[in-house]
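Here is the structure we will look at, set down as structure tokens.
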Amino acid sequence: MTNQAPIPVIVNGAAGKMGREVVKAVAQAPDLNLLGAIDSSPEHQGKDAGELAGLSEPLEVPITNQLEPMLGYVAGERQGPPGVIVDFTHPDSVYDNVRSAIAYGIRPVVGTTGLSPAQIQNLADFAEKASTGCLIIPNFSIGMVLLQQAAVTASQYFDHVEIIELHHNQKADAPSGTAIQTAELLAELGKTFNSAIVEETEKIPGARGSLAEEGIRIHSVRLPGLIAHQEVIFGAPGQIYTLRHDTSDRACYMPGVLLAIRKVLQLKSLVYGLEKIL
């Protein structure tokens, strides 16, 4: 039994669907302490984060839209380990959120997708200069990591592959960060996929999906009723090999989120992807 003080945690995007799950998971973890709950939505200001997340008892942590004061408050807590902020916000704000957190010495765990490669590199440089750990994780599901590993193995034997990602219609960015990461992992093999057999003509622009690295196509679907789903489809003469991961409940991401909160304290730079800390 350890007597170490719990890790102070801020949840940014606490009123969102993922944010509420994170609030519940953090509140139920004995080694974590929810100190702040940030959200920009006016209708949730002042509400108790625990009650909003569906917990039976209030946490006495009110929702606020004041990020910088909360970062300063947690940074000023000199007892125990450094603070961690979990960000599930919006592609338009996540870059500034992460820079602000690092500037205060707060370790970011980022689940928000939509950051450009240039933004990720800038954050990596900033985190390294500050010797501050930062995790950017497109998908916190252990099952998705296993799918990606299986896809990398399969891509050694198949020359044709396409990715289909399906999400709820409130997701702002496309393709998903997970689909982009999957394509990047396949592209690391250094082979070119999907060499054209015929000269293709798109009668409607975008009909063949977006073109990622090394000829890999990504198709995005946005519909109500979906949460998060991905297929990686390999083809060869006479056969199709399909890998698929389906999310039926956002609770499946919480083991990965909690692992990331604990692991980010051990880092001195930015790390991209859940597979790097498993």
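Just so you know, the numbers here start at 1 and follow the chain as drawn.
Quick reminder: no glycine exception, Cβ is built from N, Cα and C everywhere.
Summarising the annotation, Swiss-Prot assigns active site, proton donor/acceptor to HIS167 and lists sequence analysis as the type of evidence. Positions annotated as active site, proton donor by Swiss-Prot, on the basis of sequence analysis: LYS171. Taken from Swiss-Prot, the feature NAD(+) binding site covers GLY13, ALA14, ALA15, GLY16, LYS17, MET18, GLY111, THR112, THR113, and the record attributes it to sequence analysis. The (S)-2,3,4,5-tetrahydrodipicolinate binding site annotation in Swiss-Prot covers HIS168, GLY177, THR178, and the record cites sequence analysis as its basis.
All features noted in Swiss-Prot, drawn onto the structure.
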| residue | record | Cβ within 10 Å |
| --- | --- | --- |
| GLY13 | NAD(+) binding site | 25 |
| ALA15 | NAD(+) binding site | 21 |
| LYS17 | NAD(+) binding site | 12 |
| GLY111 | NAD(+) binding site | 24 |
| THR113 | NAD(+) binding site | 23 |
| HIS167 | active site, proton donor/acceptor | 23 |
| HIS168 | (S)-2,3,4,5-tetrahydrodipicolinate binding site | 14 |
| LYS171 | active site, proton donor | 18 |
| GLY177 | (S)-2,3,4,5-tetrahydrodipicolinate binding site | 21 |
| THR178 | (S)-2,3,4,5-tetrahydrodipicolinate binding site | 24 |
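Nearest by CA distance to GLY111 (NAD(+) binding site), out of the recorded positions HIS167, HIS168, LYS171, GLY177, is GLY177.
The distance from the Cα of THR178 ((S)-2,3,4,5-tetrahydrodipicolinate binding site) to the Cα of LYS17 (NAD(+) binding site) comes to 18 Å. Each residue contributes its Cα atom, and for GLY13 (NAD(+) binding site) and LYS171 (active site, proton donor) these two points are 14 Å apart. In this structure, the C-alpha atom of HIS167 (active site, proton donor/acceptor) lies 19 angstrom from that of ALA15 (NAD(+) binding site).
Annotated (S)-2,3,4,5-tetrahydrodipicolinate site HIS168, GLY177, THR178; additional same-chain residues within 8 Å of its Cβ mean position, judged by their own Cβ, are THR113, PRO138, ASN139, GLU165, HIS167, LYS171, ASP173, SER176, ALA179, ALA228.
According to DSSP, HIS167 (active site, proton donor/acceptor) is assigned to a strand segment. Rounded to a whole number, the distance between the Cα atoms of LYS171 (active site, proton donor) and GLY177 ((S)-2,3,4,5-tetrahydrodipicolinate binding site) is 11 Å. In this structure, THR178 ((S)-2,3,4,5-tetrahydrodipicolinate binding site) is part of a helix by DSSP.
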